[in-house]
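S.K.: In case it helps, TrEMBL gives these features for our protein:
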DOMAIN    1-319  domain 'G-protein coupled receptors family 1 profile'
TRANSMEM  28-50  transmembrane segment
TRANSMEM  71-93  transmembrane segment
TRANSMEM  113-142  transmembrane segment
TRANSMEM  263-287  transmembrane segment
TRANSMEM  299-322  transmembrane segment
Amino acid sequence: LAGAFCIPLYVPYVLTGRWIFGRSLCKLWLVVDYLLCTSSVFNIVLISYDRFLSVTRAVAYRAQQGNTRQAVLKMMLVWVLAFLLYGPAIISWEYISGQSIIPTGECYAEFFYNWYFLMTASTLEFFTPFISVMFFNLSIYLNIQKRTKMRLDVFHEVHSQSFTEVMERSPEAKLSLKCCKWEEKESAETLNLSKSKAQGAASTSSLEAKDLLATSSESSRKPKYCSKKSCKSSASTLCSEKQMKIVSQSTTQRFRLSRDKKVAKSLAIIVGIFGICWAPYTLLMIIRAGCHGQCISEFWYETSFWLLWINSAVNPVLYPLCHSSFRRAFIKLLCPKKLKIQPHDALQN
């Protein structure tokens, strides 16, 4: 919209130094220009807030993802607030003040040199949104750092556990582990029969066998015979299953951490470009109003003014680059046939 309506009308004005399109079109141009730039800022806040909820309140966020009505209302609210900030003042300022201060052949807002109004509007248009976006971004980053530390601690704790600790988590594992230990003890006792009394060894083996059979009957109704080979095979199988679960959980955790880090990185890029494009214009506009245009060069003011439109041009490219969901939405809007023909490829992108 900025490229189709605002810039084509502004270029002749800059080149000739004179507004030739009439008073009514001037007001319309001002309303649309201020509306588009302000809504761009408010949309950044809304998107940042949405990312903030998706990371810090993931469960509640997923539960509301299907609520299209609420999303539409939020987007409409952004445009309404953007219009209310400057629109009524542009339209009715001269009627409230009783006269117009804009000379013939010029086109700018009546409040262009009103320092108090510009300071208030700038606070609502730039400073408050910028601080809000910084807060959301910082909160996301700290939340990701906290979750990363917690998940890594759990991951290392699980992997540092001994084989015995892993096996003792289930009744079947206890039986397999105890069976294997009994076989090892039985072998050791057989080797030491020549150095000890046979009756004592037999008594020990009998007690251990009874204990094993009692445990086996409580845990399972399988035959009471337990071979060394079957015990080791069962223990190895249980351990492999446990390791597979651990690997699966760690892979899922790493995927989530990678996704959250991408969210924080994309928000940092958006905040950085937003600050670069808006800070010069906001500061120069306030200073220019304070000194009534005498202390700021026209070149620097025009440069800062064009940065706002550059931000509007960059945002539609920046969001799809940073978020896969935006890429899918753009593909769905611009190339619906491609999405139907190649849905798998589109989702991968």
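The backbone N, Cα and C atoms fix where each Cβ goes, glycine too.
TrEMBL: automatically predicted annotations, no manual curation.
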S.K.: Go through the chain and flag residues at least 6 beyond the ends of the transmembrane segment (113-142) whose CB is under 8 A from any CB in it; none is fine as an answer.
M.R.: 38, 41-42, 44-45, 48-49, 51-52, 55-56, 85-86, 89, 101, 260, 263-264, 267-268, 270-271, 274-275, 278-279, 282, 285-286, 288-290, 292-293
S.K.: Report, as numbers and ranges, which residues of the same chain sit near the transmembrane segment (299-322): CB under 8 Å and 6 or more residues beyond its ends.
M.R.: 2-3, 6-7, 14, 36-37, 40, 44, 47, 262, 265-266, 269-270, 273-274, 276-278, 280-281, 284-285, 288, 330
S.K.: Please give the average pLDDT for the domain 'G-protein coupled receptors family 1 profile' (1-319) in this predicted model.
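M.R.: 75, rounded to a whole number.
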